[in-house]
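The structure under discussion appears below in the form of structure tokens.
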């Protein structure tokens, strides 16, 4: 075990490395924060001047009082709130297929309600509300949802290369900051069953100010950084530090210094992951209780692990055995819950196959390395047990057996 003198010599370098790592992680975190990203886009300067009287029925013809804001690509969202009535018109590029706008509690597709419009092959305008109960086509239910439409019929029409979806909502409480989903598909709905979308986005739209804040690209970047930090910190760095502590104790005191530094670096990445997650929650009001709760629990366990470094008793202390048990098992629990939470996060965010393959590769490598080292350690231990009782054991070699992390 490392003596106090060697630990004193390496401590300044350890502190400098940790400070640099904190700066790096929080710079990455800051990049994901959409605040201070530039002025808000307003309607008067950027929306197209469209004459709705020529193709939309009343009351959607008069847009003089409506606020208009570009929201995604060339999509434009016009709205007007008057008492408990909210009038909404979504304008989007269109050739064939369908275009939809969804309203969500947490920014996720599942559980949201959407208004979807299209022009059929025979030229008939169609607009329906859908409840997105799940991701499968059979779980997208027509004429269901939580949007309270009033008695004014919804309308959909094309004008040139654009489609315009108009409807009125009867709201007991006017919209303020509301997660909105935008999507389109290139195939006609068959028997009112929507085909899979070609592209989609999620934004938080501020109906009280006519702005998208933060815009979808910033939210996507925050969510991407959140996932990257989680995989690097929880999925790669912390498991590597645990492997070093379990299988390389014969490299004393090098294993101890490597374990301490690597775990602290992994902890700062994990902390950055939680900070970004809390920012996403505050900006999108994302309600994913399992993912959020497990993430906070894993962070608490990792904080206890960091404190364990500074509260580490002497090797011959009576409570050293209890400390070893606490440190190893709390570390294992943190890694297990972190791995589960990474999978939950990818599922909640609708991550693509590249994310799943990437994390699966990292996780698989960690598991294979751990299994190989465990087998080698078991064989070494079995070989030493088979030696004659009077055989002189190498005291250094005896330290190669895995013990607590």
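Placed from the backbone N, Cα and C atoms, the Cβ positions cover glycine too.
TrEMBL labels come from automatic prediction, so no person has curated them.
Looking up the ranges 293-311, 312-330 in TrEMBL, the one annotated as transmembrane segment turns out to be 293-311. Taken residue by residue, the domain 'DOMON' (73-185) breaks down under DSSP into 3 helix, 66 strand, 44 coil. The listed stretches are 227-248, 255-281, 293-311, 357-379; of these, 227-248 has the most Cβ pairs under 8 Å to the transmembrane segment (332-351).
Within its own chain, the transmembrane segment (357-379) is flanked in space by residues 231, 235-236, 239-240, 243, 246-247, 339, 342-343, 346, 400-402, which lie at least six positions past its ends and keep a Cβ under 8 Å from the stretch. Tertiary proximity for the transmembrane segment (227-248) is limited to same-chain residues at least six positions away from its ends with a CB under 8 Å from its CB atoms, namely 25, 28-29, 254-255, 258-259, 262-263, 265-270, 272-273, 276, 298, 302, 331-332, 334-335, 338-339, 341-342, 345-346, 349, 351, 355, 358-359, 362-363, 366, 369-370, 373-374, 377, 400, 402-405.
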